[in-house]
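Structure first, then comments.
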Amino acid sequence: MLNKKARVYFSCFMLILGTLIGFLLSKWSEIGSLGWREPDVITLTVRMPENGSLPSRMIYGKPDIAKAPRRDVMVLSPWLAPIVWAGTFNRDLLMEEFQHKKYRIGLTVTAIGKYVKLLKKFLESTERYFMKGGMVTYYVFTDRPDKVKALSLEVNRPLKIITVPKYPTWGHVVLGRMEILKNQSEVLFQQEVDYVVSLDVDMVLFSHIGVEILGELVSVIHPGYYHSPRKDLPYERRPASQAFIPEDEGDFYYQANFFVGTVQRIYQLATACYEGIVKDKANDIQAVVYEESHFNKYLVYNKPTKLLSPEYIWMNNLWRLKDIRIKRIVHGEKKF
Ligand code: UDP
Ligand code: MN
């Protein structure tokens, strides 16, 4: 009799335990991934309309000092530069500051030779996603101004075509870009813009890119190397080149196809790279990744004040890793 009762209790206990385990298992993926699945918009921002004499104001949740914006990735470099990832910022708050100061942004893009054909698609995407609500001027560096005009580009922001030399090879173009940036920073940008943004023309924007990218000197961590150890980063390691970085130095590997800065910082960066390139040429050496090697060298000793995560230059041939929540730009698909 007692045994029968015990069996009933045991069965009930097992049933409850089984239900409990089943429930926990069904929730496991959610519980296990909570660390990297916070919503992108952390705070809901509401703008209160102007009310009589009171100015309009923003209402948003108080930042919680105990709550890290992301726990799966580094959001602050060892030299205290923020690293921008989805989920780490509130664009409305940044816009408030931006509109207050009325910054002027120059978006520069090089389209030399057949690369002119990529300009239309590039600009269609920047019109849609680049710096909405910002004061943007496009600067197109090209050897074929007539071909650019013939594209009948429909853009709602001013577009300036700057004629540059017809550099004979791909290598001359990418190295020459630093020379162009240096020259234009001296003569044009310092009068016309506050921030310069330099992008490759073989890019298509897929998500909004806004004021979160602005800073004194901003570079993007290369999506192909962001989990790589230092020894695997493709820095120039030959001491004979001006782009040389010793084996035991270097922070991240940055891509030279997207960088941002104030006119003065861009001028300094471009000048340093240009001078390194000229010296290398005189010494008959070519840095391993062309201007990008000089760019990386500069940034080891002149640390960026802000870093953009690899979300900002994703490539379709890379695996989508769990720390990449958003593809903001896809780069490198060239259809001429
Ligand atoms: N570029 C150009 N004409 C050329 C070669 C390059 O206008 O003949 C410009 C263009 O803006 C291009 C950038 O230089 O996006 C870098 O070249 P590319 O995109 O081919 O380099 P990758 O991204 O493949 O390293
Ligand atoms: Mn490119």
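Along the chain as shown, the residues are counted starting at 1.
Cβ coordinates come from backbone N, Cα and C, glycine included.
Binding site for UDP-N-acetyl-alpha-D-galactosamine per TrEMBL: ASP200, VAL201, ASP202, plus TYR115 from the candidate set TYR115, TYR129, TYR267, TYR274.
Candidate recorded positions: TYR115, VAL201, GLU292. Not one of them has a Cβ under 6 Å from ligand 2.
With TYR115, ASP200, VAL201, ASP202 listed as the residues that bind UDP-N-acetyl-alpha-D-galactosamine, the site has a largest C-alpha separation of 10 Å. If you take the Cα of ASP202 (UDP-N-acetyl-alpha-D-galactosamine binding site) and the Cα of GLU292 (active site, nucleophile), they are about 16 angstrom apart, rounded to a whole number. A Cα-Cα distance of 13 Å separates GLU292 (active site, nucleophile) from ASP200 (UDP-N-acetyl-alpha-D-galactosamine binding site).
The DSSP secondary structure for ASP202 (UDP-N-acetyl-alpha-D-galactosamine binding site) is coil.
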